[in-house]
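Swiss-Prot annotations:
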- SER22: phosphoserine (MOD_RES)
- SER29: phosphoserine (MOD_RES)
- SER33: phosphoserine (MOD_RES)
- HIS208, ILE209, ASP228, ALA285, SER286, ARG287, ASP311, HIS347, ILE348, GLY349, GLY350: NAD(+) binding site (BINDING)
- ARG287: active site (ACT_SITE)
- GLU316: active site (ACT_SITE)
- HIS347: active site, proton donor (ACT_SITE)
- 399-469: domain 'ACT' (DOMAIN)
Amino acid sequence: MTSIDINNLQNTFQQAMNMSGSPGAVCTSPTQSFMNTVPQRLNAVKHPKILKPFSTGDMKILLLENVNQTAITIFEEQGYQVEFYKSSLPEEELIEKIKDVHAIGIRSKTRLTSNVLQHAKNLVCIGCFCIGTNQVDLDYATSRGIAVFNSPFSNSRSVAELVIAEIISLARQLGDRSIELHTGTWNKVAARCWEVRGKTLGIIGYGHIGSQLSVLAEAMGLHVLYYDIVTIMALGTARQVSTLDELLNKSDFVTLHVPATPETEKMLSAPQFAAMKDGAYVINASRGTVVDIPSLIQAVKANKIAGAALDVYPHEPAKNGEGSFNDELNSWTSELVSLPNIILTPHIGGSTEEAQSSIGIEVATALSKYINEGNSVGSVNFPEVALKSLSYDQENTVRVLYIHQNVPGVLKTVNDILSNHNIEKQFSDSNGEIAYLMADISSVDQSDIKDIYEQLNQTSAKISIRLLY
């Protein structure tokens, strides 16, 4: 703790009070007796104890797909060994690289299948530096006791802004006019070009992105309807509708913000396009499986749909490159790109400097907390379990992290093993077939740690164990 100049601190406090007070307000500085206690108060703050794992070497992190530098900085500050690649890896190389790492960070192109994950003998957690987690075999990861984290918040604004840009671009046919002028054609027209003020935006999925989009759209004068499978409080004057058909019938623009699940696959197909207003527009910046693109193509050709903006596709190129978005990837590509007023972008919804920086911080922080403290808050496949950080004055305290099958009798078995020590705190929760127990036990020495580890390792319901001290 650095020394503190009490006089400077007192003067700074007085200046801050004077600047923040209203005209004529009377402010008094802290008493000298209070200021004299400041160093003692600051020194009394209990800083979180940096824990280390038992029976594990240095933590190794593998980062793929050009994960943001903010994540690398956070991991290196923790003392982890970081291996970084700008692109995804071929499966054979990925299998080789993943064998001895404790955590891996990916974006949307890397596929962590059961075939890959079965070779990851030391893997503790996975960080998806994006919203989606469908590129990870979550069931297999869970069965192995591997926690998976994502970034549900950080790119929400960037995606919402892209959709706003696409709404205006579709309404004014900006994509077509730009292409024409790039090829030397001057085509100044007003036919079928509209202001967005007074039009109705229908949002399918009113989560982090959908709700932010709602606020931005209303600020531009759009009326907002939204459909969600759960009842969600509206922001502003937006209104929730009870059925998807009602939203489709009433909306001039329809935008999707839903995850890729069996229930959302092709949720906009021929019947839904038929239910939409004549001349409506479709925007998909969520997942490539939620819109049936061949049906969309037919609806555009029939002049039922006046235009569409797509940022995601059922199959996407593994890396950047000319000619990679073609009919071999998706059989309808040539037909789609030939249509008028179709805006196609290469999955860039969250591709802003701000979003990637925030995602790096959000996911790297979650992974670090899980590695260092066992905190699983924010995991997409684990129960959310957390205990207060240990402090440095808890010298002989060990944190037990026990991931196990969700079957009867486990807590009794574990507590019998821990009963010779003082269990200071304990938290257990379950999620489907997996359960997670976290316990802080005191009065433990090095020989006790080894004995506890070996006993827990022999329990029949054990999936994985970590002891932090």
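Each residue, glycine too, has its Cβ placed from N, Cα and C.
Annotated features taken from Swiss-Prot, shown on the structure.
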residue : record              : Cβ contacts under 8 Å, 6 or more apart
HIS208  : NAD(+) binding site : PRO152, PHE153, SER156
ASP228  : NAD(+) binding site : ILE204, GLY205, TYR206, GLY207, GLY210, GLN240
SER286  : NAD(+) binding site : GLY205, ILE209, LEU256, HIS257, VAL258, PRO259, ALA260, VAL312
ARG287  : active site         : GLY132, ASN134, VAL258, PRO259, ALA260, THR264, VAL312
ASP311  : NAD(+) binding site : LEU162, ASN284, ALA285, THR345, PRO346, HIS347, ILE348, GLY349
GLU316  : active site         : SER108, LYS109, GLY288, LEU329, PRO346, HIS347
GLY350  : NAD(+) binding site : CYS130, ILE131, SER154, ASN155, SER158, VAL159, GLN356, ILE359
Listed recorded positions (HIS347, ILE348), ranked by Cβ neighbours within 10 Å, top entry:
HIS347
Average the pLDDT scores across the domain 'ACT' (399-469) and report the rounded value.
94
For the domain 'ACT' (399-469), the number of residues DSSP places in helix, strand and coil
21 helix, 33 strand, 17 coil
Listed NAD(+)-binding residues HIS208, ILE209, ASP228, ALA285, SER286, ARG287, ASP311, HIS347, ILE348, GLY349, GLY350 - what's their greatest C-alpha to C-alpha distance in Å?
24
